[in-house]
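Structure first, then comments.
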Amino acid sequence: MYPDEVSGVCKQCNETCNNKCNTSDGTCTACITNYAFTDPPGLYCIPCKEFDQNCKQCGQTTFKKCYECETDFRPDPITGKCVGCADGCQKCGAITGKCTICADGYVPNDPQNESCILCDQFDTKCEKCSENFERKCVTCKDHQNYPQLGVCDVCNTTCGGACNPTTGYCESCLPNYVFTDPPSTSCETCEEFEPNCMEGFCESNFTRGCTKCKSGMYPQQNGRCGDCDPTCGNKCDGTTGACTGCNTNHVFVSDDSKVCIPCETYDTNCITCNDQYKAEKCVKCKNGYYPYTNGTCILCDSTCNGKCNTENGECTGCQDDYVMSGMNCITCEQHNINCSTCDKSGLGTCQVCKNNNYAQDGNCIPCKSTCDNCDGVTGKCTTCQYNLVETEKGSGKCEECKKFDSNCSLCASDSSRNCTKCESGYYPVLQSNESKMCEPCDSSCNGICDVSFGYCLGCIDNFVLINSTSYVCENCTSFDSNCERCSSTFERKCTSCKPTFKPSQSGKCELCNETCKDNCDSTTGYCTSCNANYVLSNPPSSSCITCKTYDTKCVECPGGVERKCNN
């Protein structure tokens, strides 16, 4: 407190004095925060801004001194007022005054960043330094250097002396080097870029491009080497990619074209074109075709049955019963007059022969002399020569008929083991083995029968033929129970009958005529006695005549054997 000059009463120090003032005159001996003494010190303190409008905080001493300034200002250690940042310093500490950001073209002067200096004072080769308050060049003055570890240094040697002054990326390259992708501070060799590029054939402007590739490749749009078109068969110009040859089974569209197409596009039936890649020249066709003289594929000859050499057209197969003969096939018969069926190989191997020949080792040879004909495949006799028969059924071998059956005079014409005609007294009979062999005629035939069929042609005494196709004769009594004796010619005819019977015109026995009184000759049938009132006729007859017939005057006859009238 201090005494008021007028009233003499003590009063409080001015509030800006922070309650600290001279107790005699009230002069401030201290100030509140951000206030400063007047000059000279008085009864109050003034705000820092009245002392220095750029001052943010000032001291509480009797000396007016700002120790924290507004942004972009710093305390001047001599005047105590705020002054601008030092030259080259865009921003500085409001208390310490140290640079925090350098102006364009300046960098910190030392690692402590006390001040900034011009970029070219820091690095004489630098065009532009970092704007991040770093001692660092970001762009060099020429294209022979670029920032390395903050300072400018020469470009990589592979850049050929030219690189971007900021990034260091190569702007040129040594000969046979190319830029990297992505760009970098060095170039790579042509081989590193594209191993298939011919040495010395990368782009002269160092761009990533090969102008000539190794065999089988050519430059693609991306500058690298790619395979020739598949149709080229790895044969193309290493610069343009135009086909210099064609893949297997491909040809040039035309003789002056460098484009290849499949053989089958040129000819749908062609599978191999010539190895000179010339158009319209097929050398091998699909099955069933062959190259014609004009280079196109045509059908094999029709006789080849669709099978021929696909390069020269010679038949490799034939229709059935045809034989290969160059570009076509001929019939088996044309190949061999005695052949009727050839094998399907078409090689002329005969399987079945004709004309009394058979197949042996693919050729036709004559049948054996004993065969009248033989199997065209096996050579076995199918028929034998006249009066020969098979040695056994299915044997295919022939032997004399007499060896088969000594009683046979003629064997079957089909050469089967069958006798068709036997010696006298025999006839063919089917045996259990299904062969016909000669057996004796039936005993009733008296050794006389048909030598081919066995029908009885004669009979033993008092036997007769049953019919014309009978193999046996029968006894007369079996033929007619009233017959005593049959015809000696074996006819079915009775020549002598039992008493009271006589032979009839039919050959059988019948009763004597009723006028004969059952008495008649058993051979002729003539009555030998007559009934009463009948007499024997003269000449003899098979019936008696009446008395009237005998004598017109006779009325009664005695009958019997006498020819007389009783009255």
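Just so it is clear, glycine is given a Cβ too, placed from its N, Cα and C backbone atoms.
Feature annotation from TrEMBL assigns domain 'EGF-like' to 12-46 (among others).
Broken down by DSSP into helix, strand and coil, the domain 'EGF-like' (84-117) contains 0 helix, 14 strand, 20 coil. Annotation source TrEMBL lists domain 'EGF-like' at 84-117 (among others).
Beyond the ends of the domain 'EGF-like' (154-188), by six or more residues, the same chain brings 127, 138-148, 199-200, 202-203, 206-209 to within a C-beta distance below 8 angstroms of the stretch. The domain 'EGF-like' annotation in TrEMBL covers 154-188 (among others).
Model confidence over the domain 'EGF-like' (189-226) is summarised by a mean pLDDT of 89. Residues or ranges marked as domain 'EGF-like' by TrEMBL: 189-226 (among others).
The helix, strand and coil residue counts that DSSP assigns across the domain 'EGF-like' (227-261) are 3 helix, 8 strand, 24 coil. Per TrEMBL, the feature domain 'EGF-like' maps to 227-261 (among others).
Helix, strand and coil counts from DSSP across the domain 'EGF-like' (262-298) read 4 helix, 14 strand, 19 coil. The feature domain 'EGF-like' is assigned by TrEMBL to 262-298 (among others).
Taken from TrEMBL, the feature domain 'EGF-like' covers 299-330 (among others).
What TrEMBL records for 331-365 (among others) is domain 'EGF-like'. DSSP states for the domain 'EGF-like' (331-365), grouped as helix (H, G, I), strand (E, B) and coil, give 4 helix, 16 strand, 15 coil.
Beyond the domain 'EGF-like' (400-439), the same-chain residues lying 6 or more positions past its ends with a Cβ under 8 Å from any Cβ of the stretch are 372, 381-384, 386-390, 392-393, 447-454, 471. Marked as domain 'EGF-like' by TrEMBL: 400-439 (among others).
The domain 'EGF-like' annotation in TrEMBL covers 440-474 (among others). If one looks beyond the domain 'EGF-like' (440-474) by at least 6 residues along the same chain, the residues whose Cβ comes under 8 Å of a Cβ in the stretch are 409, 420-429, 485-487, 490-493.
The domain 'EGF-like' annotation in TrEMBL covers 475-510 (among others).
If you look up TrEMBL, you'll see 511-545 (among others) marked as domain 'EGF-like'. According to DSSP, the secondary structure content of the domain 'EGF-like' (511-545) in residues is 3 helix, 7 strand, 25 coil.
Within the same chain, residues 231, 245-246, 248-255, 306-313 sit at least 6 positions outside the domain 'EGF-like' (262-298) and bring their C-beta atoms closer than 8 Å to a C-beta of that stretch.
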